[in-house]
Amino acid sequence: MAAPWVLPAPLSPAQLKRLEQHRYSSAGRSLLEPWLQPYWGWLVERLPPWLAPNAITLGGLLLNCLTALPLIASCPTATEQAPFWAYILGALGLFIYQSLDAIDGKQARRTNSSSPLGELFDHGCDSISTVFVVLGSCIAIRLGTNPDWLFFCCFVGLFMFYSAHWQTYVSGILRFGKVDVTEVQIAITMLLLVSAFCGTAVWDYKVHLVGLELKFFAVVGILCGTAVSCFNYFRIIFGGGVGKNGSTIAVAHMTKSEISLQDTAFIGPGLLFLDQYFNSFIDEYVVLWIALFISLFDMLRYATGVCLQIAAHLHIHVFRISSHQAPEQVQNHND
């Protein structure tokens, strides 16, 4: 058996017991969803019945990350012009990820393999993918020319993801707005295609009527969407993450338990804070790499520990459809 610091068991017996009572519940329908449902239905019918939903989710995440990496590597400051194929690859990877993310739940219901582990796996992968999607969109419109806006757009995506699951933690229902994640992913796919065929310089074109570059219209759209979504989320939160944080709040909601204030996820940011506090006595670039590896290791060990622990408790497999499956756990908004 692996040491606890390598492969922890984050959930208590009481949390695992409450996990059995969890039922996924969602409400709302976004604008594009009715139009995409036939495509998603057709796509899921092409999948073999032995393919596990979690394998679909993980495959989509890996594809999205791998297709975004060439774009990130080509544009380290989000001001460069990447090769044509990098934008096409990023757009294709994001579209495929969106498609797979939409059908993993359908495959679970189709094969009678729905479980709390599948919901957690889906949200956990989304929390990681959010980082790459946001970076891809910022690179597509060359937002690195305005570092303040780049910083804002990167973190507003993570904040909105966390807030969506925060209101789910409070209300027990994952709510979808008219403009939600599907619309955002399709819009970013279009941004990548425009940058591929027109070049990123097109986003620097200034609209003389208002004196603003085209890229700022995208930022204004983000601002408006954020304001509306925040109003809807916090109206529920006050009335009642991302990365590991996004997974942690999903686990807390599903196990009906409190979120721990002490978390090893704070080690990486803590190192960066201390290095700044002591006037960068260690090179910032070195500390950033150290924080990255610590955070990556911490996220992987937490996610692996939770998935294996839940799978063992429910007597199911993570990446295989088991002969014994948990009872139906889904109350969906769009089926």
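Using N, Cα and C of the backbone, Cβ positions are placed for all residues, glycine too.
According to Swiss-Prot, the protein carries these features:
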| type | residues | note |
| --- | --- | --- |
| TRANSMEM | 53-73 | transmembrane segment |
| BINDING | N54, R109 | CDP-choline binding site |
| TRANSMEM | 84-108 | transmembrane segment |
| BINDING | D101, D122, D126 | Mg(2+) 2 binding site |
| TRANSMEM | 116-140 | transmembrane segment |
| ACT_SITE | H123 | active site, proton acceptor |
| TRANSMEM | 151-169 | transmembrane segment |
| TRANSMEM | 181-197 | transmembrane segment |
| TRANSMEM | 213-238 | transmembrane segment |
| TRANSMEM | 267-276 | transmembrane segment |
| TRANSMEM | 284-313 | transmembrane segment |
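Feature map: Swiss-Prot annotations on the structure.
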{"residue": "N54", "record": "CDP-choline binding site", "Cβ within 10 Å": "27"}
{"residue": "D101", "record": "Mg(2+) 2 binding site", "Cβ within 10 Å": "21"}
{"residue": "R109", "record": "CDP-choline binding site", "Cβ within 10 Å": "17"}
{"residue": "D122", "record": "Mg(2+) 2 binding site", "Cβ within 10 Å": "22"}
{"residue": "H123", "record": "active site, proton acceptor", "Cβ within 10 Å": "23"}
{"residue": "D126", "record": "Mg(2+) 2 binding site", "Cβ within 10 Å": "23"}
Other parts of the chain folded back onto the transmembrane segment (116-140), taken as Cβ under 8 Å at six or more residues beyond its ends: 19-20, 22, 24, 53-54, 57-58, 60-61, 64-65, 68, 71-72, 75, 78, 82, 87, 90, 94, 97, 101, 104-105, 108, 150, 153-154, 157-158, 161, 165, 181, 184-185, 188, 191-192, 194-195, 200, 203, 218, 241-247, 250-251, 254, 299, 303, 306-307, 310-311, 314, 316, 318, 326, 329
Rounded distance in angstrom between the Cα atoms of D101 (Mg(2+) 2 binding site) and the residue listed as 'active site, proton acceptor': 10
Length of the line joining the Cα atoms of N54 (CDP-choline binding site) and D122 (Mg(2+) 2 binding site), in Å: 7
Seg_contact(the transmembrane segment (267-276), the transmembrane segment (284-313)) with at least 3 CB pairs under 8 angstroms, min sep 6: yes
Alpha-carbon distance [R109 (CDP-choline binding site); D126 (Mg(2+) 2 binding site)] in Å: 20
Cα-to-Cα gap, D122 (Mg(2+) 2 binding site) vs R109 (CDP-choline binding site), nearest whole Å: 14
Inter-residue Cα distance where the pair is R109 (CDP-choline binding site) and H123 (active site, proton acceptor), in Å: 17
Cβ-centroid neighbourhood (8 Å) of the Mg(2+) 2 site, D101, D122, D126 excluded: T57, G60, L61, D104, H123, C125, S129
